[in-house]
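Engineer: Take a look at what TrEMBL says about it:
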ACT_SITE  61  active site, proton donor
BINDING   119  substrate binding site
DOMAIN    27-271  domain 'NADP-dependent oxidoreductase'
SITE      86  site 'Lowers pKa of active site Tyr'
Ligand SMILES: NC(=O)c1ccc[n+]([C@@H]2O[C@H](COP(=O)([O-])OP(=O)(O)OC[C@H]3O[C@@H](n4cnc5c(N)ncnc54)[C@H](OP(=O)(O)O)[C@@H]3O)[C@@H](O)[C@H]2O)c1
């Protein structure tokens, strides 16, 4: 999985292969904190216009209906798109998960999802994670979602799920960016054939003023955002940049026409921790 995109100058963003054999576009478009209504519709439509085919939303973002509207307005065939949404924490458990999935599909006005994720683990109740997961497995077997996965699961949340699962999670969506790369968790997921999706690949904007990253960006004649996204890809992770700004939406998709040299990748890997969101899955207050 490493460096699959390296050296492919000028080509469109490629795909990763998931543990169920399906392909997932290697850069997704994030929509957290994008307000529902015109802002979401316009930014998702713009993303689809410039070439993204992979959109990441969540019930908790309260913009699924607007994401769905943008998808319909794009005129793109459904099968060319990869749409992810997520189960919110208040809907954990078997029956509530099934109902929440129905709700999300209705909001999006879609008849299937490409990827459905448990948004956060229940850090205190592993049985709750397992019963939610069993509902996801049912949805997958029924063909209502093609791939299922988790988000913000650390090793101690994932292992009980892996022990109980009939279908293994294909994806773990975690915070991952220069200055916060959770190497042990990433290795654990790799050993279990789980793709890492990188949330906040730009540190929600917090890391873009970093002097070290700025120096590397200058060396490659790229923006700091492009360096962060390319670094994610060359480390075998799938970044989900968010923007509501057309020029940035385009810039964030243009990350396949250059290669970061090994010594610069290692330099970024070795940066001391900075830019962390402060959201620890074991203690988030939601
Ligand atoms: N599973 C989870 O728990 C979880 C948690 C957080 C995020 N996520 C997912 O990951 C996605 C990305 O994370 P994120 O929204 O935290 O932030 P991000 O993509 O790391 O950063 C977005 C911020 O950077 C700015 N930005 C974007 N492109 C830029 C560029 N080229 N140059 C300068 N500034 C730029 C954006 O501003 P403008 O929008 O104003 O352009 C916005 O303020 C989310 O949208 C969501 O889909 C998931």
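Every residue gets a Cβ built from N, Cα and C, even glycine.
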Engineer: If you run the three-state DSSP split on residue 86 (site 'Lowers pKa of active site Tyr'), which class comes out?
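Structural biologist: Strand, per DSSP.
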Engineer: Can you tell me the CA-to-CA distance separating residue 61 (active site, proton donor) and residue 86 (site 'Lowers pKa of active site Tyr'), as a whole number of Å?
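Structural biologist: Counting only the Cα atoms, the answer is 9 Å.
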Engineer: I need the most crowded of these recorded positions: 86, 119. Count other C-beta atoms within 10 angstroms of each C-beta and give me the top one.
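Structural biologist: Buried the deepest by this measure is 86.
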Engineer: Could you measure between residue 86 (site 'Lowers pKa of active site Tyr') and residue 119 (substrate binding site) for me? Cα positions, answer in whole angstrom.
Structural biologist: 5
Engineer: Measure from the Cβ of residue 61 (active site, proton donor) and count the other Cβ atoms within 10 Å, all protein chains considered.
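Structural biologist: So the number of other Cβ atoms within 10 Å of residue 61 (active site, proton donor) is 22.
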